[in-house]
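Asks: Here it is: the structure, laid out below.
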Amino acid sequence: MSGSVASPAEHAGANSSTTNVQATQKHPWRFWAIIIALSLTGLLSTIEGTIITSALPTITKALGGSSAYIWVPNAYFLASLAILPLVAQASDIFGRRPLLLMAVALFILGSGLCGGASSMRMLIAARTVQGLGGGAIALLINTVVTDLVPLRERGKYMALIQMTATIGAALGPFLGGLITDHSTWRWVFYLNIPIGGTAFVALFLFLRMNYQRDQTWKQRLARLDIAGNAIFIAAIIAVLIALTWGGTIYDWGTYHIVVPIVLGFIGIGLFITFEWTISKEPSFPRSTVSNRTSIAALILCFTHSICVYWTFYFLPIYFQAVRGVSVMRSGINTLPVFAGVLPFAILGGILLSKLGRYKPLHFLGFIPLTIAMGLFSLLNANSSTAAWVCFQLLCSVGAGLLSGITLPAMQAPLDESLVAVTTGVWSFARGFGSVWGVTIPSAIYNNECRKNARSITDPAIAHYLTGGRAYEYSTKAFLDSIQAPASREQVVQVFQKSLRTVWLVAIAFAGLGLLVTLAEKEVKLRDKLNTKFGLDEKGGDESSDKTIQATSNLIPGLIITVTSNGEYLVTHHNHKGTVGLERLCEVYDNCAKRWLQEHTSPQTNLLQGSLDTLVLSLYRFGDLVLNV
């Protein structure tokens with residue numbers, strides 16, 4: 001074979017019907033039907049993410065539980081985070097469609113259980129079920145988008161889905177307040193059932209994606225990284241228990257907090273070690289964080305999520321506890337924070353597509369976000385409407401601009417075969433950020449209220465703001481129950497001073513994101529899509545795309561089949577499965593381990609060479625025989 005011959009991956013792509021989408025290609029009607037269905041599904045989870053912010057004090061009051069209120073959002077977040085690596089890997093093995101349909105069904109079930117909860121414990125358990133579905137939904141809708149459009153175009157289409165999600169996020173606090181003020185809080189959860197049912201039907205009708213069909217269910221189940229995910233789930237539970245208890249049930253320095261958080265981070269370390277050194281098919285491969293740009297994008301996603309949820313959960317507290325408005329009114333007053341998210345999310349996606357550059361957009365996004373966190377600390381009971389509206393609009397500019405452009409940045413340096421895994425890691429960073437965005441300000445707020453409550457002259461009233469219960473009593477109803485005007489003013493001052501500290505700490509997280517943008521490296525965004533998970537137009541078997549097959553002279557029984565999208569189906573008694581270039585060298589090394597230990601030849605050295613030319617090079621050295 002001469003040096004001018006194309007690599008097997010290129011040969012395969014040129015002679016098949018792989019999903020190879022140009023950035024300028026017109027999409028069929030079913031593509032747009034899927035985008036609409038995904039948007040509706042995103043609406044399902046985003047409404048749930050914000051509707052509870054304004055309703056949570058009322059729910060806590062109705063079911064009791066005092067400091068256990070923090071588990072209502074965090075049980076959801078914990079479950080949604082714990083499931084991410086497993087769902088990401090399973091979507092590669094079983095396909096996107098069945099996993100997404102199962103996720104929506106699970107979310108609907110959890111919503112029904114939440115609405116019927118008769119105690120705080122039952123509500124927390126139901127929120128866990130709901131979180132399993134919600135976490136999978138958030139991951140899979142982004143994964144499907146990455147399967148449908150090239151990297152350079154993804155920000156634009158994610159912005160379209162974000163548009164609907166933003167509407168849901170904006171309506172959430174208002175609907176939560178409206179429901180709790182004029183009906184039972186249970187409809188905060190029952191509302192998800194008709195929306196979820198509509199989304200399920202739309203996905204069932206229109207979402208048809210390619211997936212690997214040449215393995216039995218037993219073979220697919222065997223590929224799941226069960227051990228790695230078990231370690232991960234145990235570690236995440238330990239960390240989140242510590243974050244939830246800290247500052248509310250126990251002081252941060254007690255063994256109740258220190259022990260689980262230390263064990264949790266040790267568990268995360270064990271998980272990473274297992275994934276990178278032991279697991280044959282890891283759900284968190286080393287390559288996903290093997291470069292500074294992907295790492296920086298993860299940190300940006302994490303800090304952005306912290307700031308967004310920080311704002312979502314504590315702006316309603318300002319309006320209810322400091323300005324003394326109703327739950328519904330606080331939902332209306334927080335609408336400005338969503339107003340800029342919608343247009344600037346779309347603008348960010350369009351600019352990413354046109355310019356092909358994400359670093360300046362990230363920097364520009366964190367500037368207004370950081371400034372807004374500082375401005376929120378200036379709000380008090382006498383702040384003008386213009387002030388709190390403008391501060392929210394400034395925050396929404398940064399939050400919106402960043403909402404759809406951190407994932408493409410993370411994926412830019414990585415192989416397309418890592419789409420699902422990468423999206424899973426990114427979704428974890430976003431979800432973990434949301435946990436910190438609720439837990440950290442809650443701990444700060446309760447702790448500050450406890451200290452500031454000493455200024456309240458009535459000890460009976462001051463008692464309500466201690467023991468991690470300040471958030472629960474940060475409502476108009478509590479203020480109205482205080483008869484003495486002087487005591488009421490003292491309580492408002494406690495809430496106001498405590499919130500000021502909350503917002504000052506938020507500046508540090510937004511500022512961290514601003515600094516991290518400087519560490520990013522600009523990587524060219526691909527304008528072509530090569531994926532085996534694109535639209536299933538023909539409903540055919542993936543095997544029809546296989547165009548090149550190579551057999552080994554040195555390793556009996558080894559067959560490497562090059563698929564039309566440039567991936568490699570390796571068949572051997574030690575391994576069977578489709579891998580990308582990232583893992584082909586590892587798989588070949590595993591299959592040839594005994595031979596490599598007994599021989600020294602050019603093939604041995606090739607295993608340390610270029611992965612992009614591995615198959616072609618092995619052909620040239622006489623090991624692989626190509627059957628085209």
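Note: Cβ is positioned from N, Cα and C throughout, glycine not excepted.
OK, TrEMBL features for this one:
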type	residues	note
REGION	1-21	region 'Disordered'
TRANSMEM	31-56	transmembrane segment
DOMAIN	34-524	domain 'Major facilitator superfamily (MFS) profile'
TRANSMEM	68-87	transmembrane segment
TRANSMEM	99-118	transmembrane segment
TRANSMEM	124-145	transmembrane segment
TRANSMEM	157-175	transmembrane segment
TRANSMEM	187-206	transmembrane segment
TRANSMEM	226-246	transmembrane segment
TRANSMEM	252-274	transmembrane segment
TRANSMEM	295-315	transmembrane segment
TRANSMEM	335-353	transmembrane segment
TRANSMEM	385-405	transmembrane segment
TRANSMEM	501-519	transmembrane segment
Asks: Can you work out the mean pLDDT of the predicted model over the domain 'Major facilitator superfamily (MFS) profile' (34-524)?
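Replies: The answer is 86, the mean pLDDT of the model over that range.
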Asks: Quickly jot the same-chain residues contacting the transmembrane segment (252-274) by Cβ under 8 Å, restricted to those at least six beyond its ends, or write none.
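Replies: Same-chain contacts beyond the ends: 227-228, 231-232, 234-243, 245-246, 284, 443.
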Asks: Against the transmembrane segment (187-206), which of these stretches has the most C-beta pairs under 8 Å: 31-56, 226-246, 295-315, 385-405, 501-519?
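Replies: The stretch I would name here is 31-56.
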Asks: Contact between the transmembrane segment (157-175) and the transmembrane segment (335-353) is defined here as three or more C-beta pairs under 8 Å separated by at least 6 residues; is that satisfied?
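Replies: Contact confirmed: at least 3 Cβ pairs fall under 8 Å.
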Asks: Would the transmembrane segment (501-519) count as touching the transmembrane segment (295-315), if touching means at least three Cβ pairs under 8 Å and pairs must be 6 or more apart in sequence?
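Replies: Judged by the Cβ rule, the two regions touch, with the required three close pairs present.
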Asks: If I count Cβ-Cβ pairs under 8 A between the transmembrane segment (31-56) and each of 68-87, 99-118, 124-145, 226-246, 385-405, which range comes out on top?
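Replies: Against the transmembrane segment (31-56), the leading stretch is 124-145.
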Asks: Given the transmembrane segment (68-87), which of the listed stretches 99-118, 124-145, 157-175, 295-315, 385-405 has the most Cβ pairs that are under 8 Å apart from it?
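Replies: Maximum Cβ contact count belongs to 124-145.
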Asks: How about long-range neighbours of the transmembrane segment (157-175): same chain, 6 or more residues beyond its ends, C-beta under 8 Å?
Replies: 35, 38-40, 42-54, 141-142, 145, 148-149, 188, 191, 312, 316, 328, 330-332, 334-335, 338-339, 341-342, 345-350, 400, 403-404, 407
Asks: Same chain, outside the transmembrane segment (226-246) by at least 6, Cβ under 8 Å from its Cβ: which residues?
Replies: 70-71, 74, 77-78, 81-82, 85-86, 252, 256-258, 260-261, 263-268, 270-271, 274-275, 279, 282-284, 435-436, 439-440, 443
